[in-house]
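According to TrEMBL, the protein carries these features:
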- 2-34: repeat 'ANK' (REPEAT)
- 35-67: repeat 'ANK' (REPEAT)
- 103-135: repeat 'ANK' (REPEAT)
- 130-153: repeat 'WD' (REPEAT)
- 154-195: repeat 'WD' (REPEAT)
- 196-237: repeat 'WD' (REPEAT)
- 238-279: repeat 'WD' (REPEAT)
- 280-320: repeat 'WD' (REPEAT)
- 361-402: repeat 'WD' (REPEAT)
Amino acid sequence: MDSQTPLRWAAENGCVEVVKLLLDKGVDLEVVDKDGWTPLIAASSKGHASVVRLLLTSGVDADSKDRQCDRTPLSWAAANGREAVVQLLLDTGKVDADSKDNHGRTPLEWAAKRGHESVVQLLLQKGALMLASGSSDCTVRLWDAASGTCRKTLKGHDGSVFAVTFSPDGKTLTSGSSDCTVRLWDAASGVYQKTLKGHRKPVLAVAFSPDGRTLASGSSDCTVRLWDAASGTCWKTLEGHKGSVFAVAFSPDGRTLASGSSDCTVRLWGAASGAYQQTLNEHYNSVSAVAFSPDSRTLASTSYRMVQLWDAASGMYLQTLNWHDYIYAVTFSPDSRTLAAGSYLIVQLWDVASRTYKKTLKEHGDCVTAVAFSPDGRTLASGSSDYTVRLWDAASGICRQTLKGHKGHICTVAFRQILPLY
């Protein structure tokens, strides 16, 4: 084989018309030269966006790897600061933005290493939008939220996975299970890291503190445990609930931890010390979910057919949003303006400021047991007992994708949280 093929030469030098001619003649799109490069890798590395677009529309594999370094077109484009090409590749929804080469580097790391700020921003904004889902089938699935492709299935739990959450830096995924354990995984590779043991009954909820240093877990053993996220050591067990702890959430300002229980209460604790602060008693049934608004002003709790709103600072009761069916899950949009709640067959959207009902998202065939907004607020994910996850356009309410693959009820969903550059 020659060191470079005609298509490789044309692609590397940005000769669009020559590339068109060769493609019209039926040349092999995926031909690899002795350097291990495909035409797409060559064009991506050099930043020839027009050639890259042409190759992509011709059906080339957008995520192919070279033979020498195990690097993808996205990796080469990111390393060389080819912003337009990076955008094109991400827009396909068919590339793994977290793919590591044989040096263990991701496209983001290459771009950061070489100081390509605009590419780094692009990758942070669009390249790492991952969704995790946990199911009664004992697995966690990692999905590319853009394409709806299941990237990895994480196995290891011996029971239903009731809770998943990403660390604030997006590097660690945590799962809680009916096997009474919490597991930590590398979010990019899906590689198992460690197991946290201590709960005597199923783990129903997990949450990271905003600084990523503390992991909270709630359990059917009526306790909340606080773990050092780095070492996996439990440094505090919070006792006081008289029933299963179904939900835990840290306030975004890092001051407060809320826990919701089958004892019909929400308890507030000091996040730094674990000290008990107060109990919110206005519930008449089990509290199935709790969520703080991103602006740290409002706390929402779900109980039976109600979402109750509280002043997050004082714990003062504000208002009840009533519904005619059981409400299983609740979350706020990143701008704190919209509240989403999962109920039987539907997702409800509420306006937080006016506390009025906005719209219904209806496509599921069973109870909606989990809801989560993407970091940019444009996408809403819902998980259901119908074994599917649905991705909705948050503005229009249109269902864009249905994610299938789990063989059990969806118990939890979480988007990968991404820290900004600054």
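In case you wondered, yes, glycine gets a Cβ from its N, Cα and C as well.
Note that TrEMBL annotation is computational and uncurated.
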Could you tell me what the rest of the chain brings near the repeat 'ANK' (103-135), counting residues at least six beyond its ends with Cβ under 8 Å? 69, 72, 74-75, 77-83, 86-87, 90, 97, 141-146, 151, 160-164, 166, 170, 173, 175, 187-188, 370, 372, 374-376, 379, 381, 383, 387, 389, 391, 403, 406-416, 418-421
Tertiary contacts of the repeat 'WD' (154-195), as residues 6+ beyond its ends and Cβ separation under 8 Å: 98, 100, 106, 128, 130, 132-142, 201-208, 210-212, 215, 217, 219, 227, 229, 232, 408-409, 411-419
Which whole number is the mean pLDDT over the repeat 'WD' (280-320)? 95
Can you name the far-off residues of the same chain, 6+ from the ends of the repeat 'ANK' (35-67), with a Cβ under 8 Å from a Cβ of it? 3-5, 7-8, 10-16, 19-20, 23, 29, 73-74, 76-77, 80-82, 84-85, 88-89, 92, 94-96, 99, 101
Under the DSSP assignment, what numbers of helix, strand and coil residues are found in the repeat 'ANK' (35-67)? 17 helix, 0 strand, 16 coil
Of the residues in the repeat 'ANK' (2-34), how many are helix, strand and coil by DSSP? 16 helix, 0 strand, 17 coil
